[in-house]
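In TrEMBL this protein carries:
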type	residues	note
REGION	1-51	region 'Disordered'
REGION	111-130	region 'Disordered'
REPEAT	321-355	repeat 'PPR'
REPEAT	356-390	repeat 'PPR'
REPEAT	391-425	repeat 'PPR'
REPEAT	426-460	repeat 'PPR'
REPEAT	461-495	repeat 'PPR'
REPEAT	496-530	repeat 'PPR'
REPEAT	531-565	repeat 'PPR'
REPEAT	566-600	repeat 'PPR'
REPEAT	601-635	repeat 'PPR'
REPEAT	636-670	repeat 'PPR'
REPEAT	671-705	repeat 'PPR'
Amino acid sequence: MRQNRQTRSDTHTPPPEPLTILSSPSPPDGAHKNPPTSMLLVPHLLPPGAPRLLSPRPRHYLHLPDPVPVAASAAPSTSSAAAGTCDSVLASLNSRRYDFSPLLDFISSPSASAQAPGGAGKESAPPTSLDPEELRLAETYRAVPAHVWHTLLKNLAASPETLPSAAALVPWLERHRLCFSSDLLYSILIHALGRHRRLHHALLLSSSSPAPSPLTLNALISASALNGRPGLALQLLTLLRRHGFLSDHPNYTLILQSLVRSPDPPDPNLLETLLFDLLSTSLEPDARLLSDFVAAFAHAGDPDRALSLLAAAQAQGLTPKSSAVVALLSALGAAGRVPEAEAVFLEFHSSGLRPRTRAYNALLKGYVKIGALKDAELIFEDMERCGVSPDEGTYSLLIDAYTNAGRWESARILIKEMEANEVQPNSYVFSRILASLRDKGDWQKSFAILREMRSNGVRPDRHFYNVMIDTFGKYNCLHHAMDVFDRMRLDGITPDEITWNTLIDAHCKAGRHDRAMELFKEMQQSGCIPCTTTYNIMINSLGEQEKWEELKEMFEKMKGQGLLPNVVTYTTLVDVYGKSGRFNEAIEFLEEMKASGMKPSPTMYHALVNAYAQRGLSEQAINAFRVMRADGIKPSVLVLNSLINAFGEDRRDNEAFSVLQFMKENDLKPDVVTYTTLMKALVRVEKFEKVPAVYEEMISSGCTPDKKARAMLRSALRYMKQAHTW
């Protein structure tokens, strides 16, 4: 059990006050409406209609139903398995001086809850009217020291079978004032509930704990992170700081690991906020914590920040974990930044660290990304020369390279080589081949890949089916995608959130929003919990249909489940509201995003400027552009093209050409869309004679005219001819 080594960060101790993570719903009838100030409330996570739980608690309140089959025998007095576990717990206690068997039998008996005094809404007080038998039992344990109670509780909480007994022991000890370090008791139990994946019970238990302490708050943070709820963990971390407590390294590590394990990539802005929170304390990050931040930023697709943190760790003489280096190599490779990946690889190679298969695979991934087939083959040979055995990931990446280069026969030969080297081809290898063909537009070869796979005795797994569904979805072959989905379930493979997200997104993009909503409901009915990406897809779908009330309900439901809205969420909201002319709501979400500590992306501002442009609101568009620059975001060609379009729609061609001049002065290369939009602006104000000059400048700048540009030129020439005829 992790002990908290920190104290309050100031000498003045304010009186305890209610801690509320989110706004509390109205309490049900009969519930206590004025909870004591010593409670830690997490009201939005309580089930609808659940009563407020106040101290003291009868034993049956903390009885924990187990979702697994063993729950049927949770009571130690009636279950032989649980009884055996209790016996082993008692035998494991160091002290032979105390016999806790009568106590465990009592708190597990049905009569214990009926005899327990107090109830919801009453303050904790010494028992005055208990059954004489319970009073005598409590008196026999009056001399037991606190550390023995702690040991008993830890041993009971270590096993799912005896966890109900541990949960019943804590309020019993508190009721009889037998162990005064009650915050430690609650933290032990909350830690155990977190380990056993019972976060809901841990949150309920926290409402009956005494005044919030570093122990209970840290235990809740740990439980939230372990159960994949990083958003809740961050809220609790904020509460910890707000009440003058300091966190410790394990909390930050657990939150980072939870963010990395999430189906959605971590938000870089969220990681920056977490890093700032750490640096603003007196804690000094160690090698492990800095490595976790490096890995998290790498997974978030921000290799620049990961590189800077890696350099900071090295400057302090700290050696990062190899997993962090591999994550950084993978991020650099995925971004096509191979020279930097090579430099990091060689630096750690020369420092005495022997690269393993994962490090080579990360570098190989970069070569495949940029299409450097020869370099990919050389790195494969270097692995063999250094005695590093390639795994299925290595072979699949090289097969990717061959497939991308159109060398399908070389890929098949490599599959045979895998078998010769006793590396059995698996489903992942064939899924990489399928993904390469999908990206090249050769989706028709999907069934040939499946036949080749089966001829090699390889059964498709979930990842292969997900890639296949995505392939058909991208090319609007929804019937094939659903056939693969049905086949997947017939093969006994349970769809995951990626499967459902892919199907839902494909139907949304095809305009089949009703079917997408049906799939969203089926996803939840199947027991698969929607992630942030799922909600982003549904928010965009509802926005395109202009179902604003349902959209708001979906957004609140997302936050109610403890999921953090990310940059994509807010960009989607700004985009759908802006396109519909609901600019006030779009600006509100932009401000909400900033208030939450996230930095708006260029894509978000592009969505806002483009929304104004579509309606010819050039003044609002230029104001949004100014705010973007004030936020320190460098203008992109996309945003500037939208600004040109805004001026064109507003018949302000001079300002449109001033944007072109701005692009040239700031080393931004105009593209074919830039010149086509300028020609459209000239046509709108009937300055047809200037269009050919813009077309010629487009060609001389190296841009190849597309169909729209040629059509714009023909329109201008036709109008000019008609003018001369008249």
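Numbers here mean position along the shown chain, with the first residue as 1.
Cβ atoms here come from the backbone N, Cα and C positions, even for glycine.
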Confidence summary (mean pLDDT) of the repeat 'PPR' (671-705): 90
Same-chain residue ranges lying at least 6 outside the repeat 'PPR' (426-460) that approach it to Cβ under 8 Å: 392-393, 395-397, 399-400, 403-404, 411-412, 415, 418, 467-468, 470-472, 474-475, 477, 488, 491, 493
Residues of the repeat 'PPR' (461-495) by DSSP state, where helix covers H, G and I: 26 helix, 0 strand, 9 coil
Helix, strand and coil residues within the repeat 'PPR' (636-670) as assigned by DSSP: 26 helix, 0 strand, 9 coil
Residue distribution over DSSP helix, strand and coil in the repeat 'PPR' (601-635): 26 helix, 0 strand, 9 coil
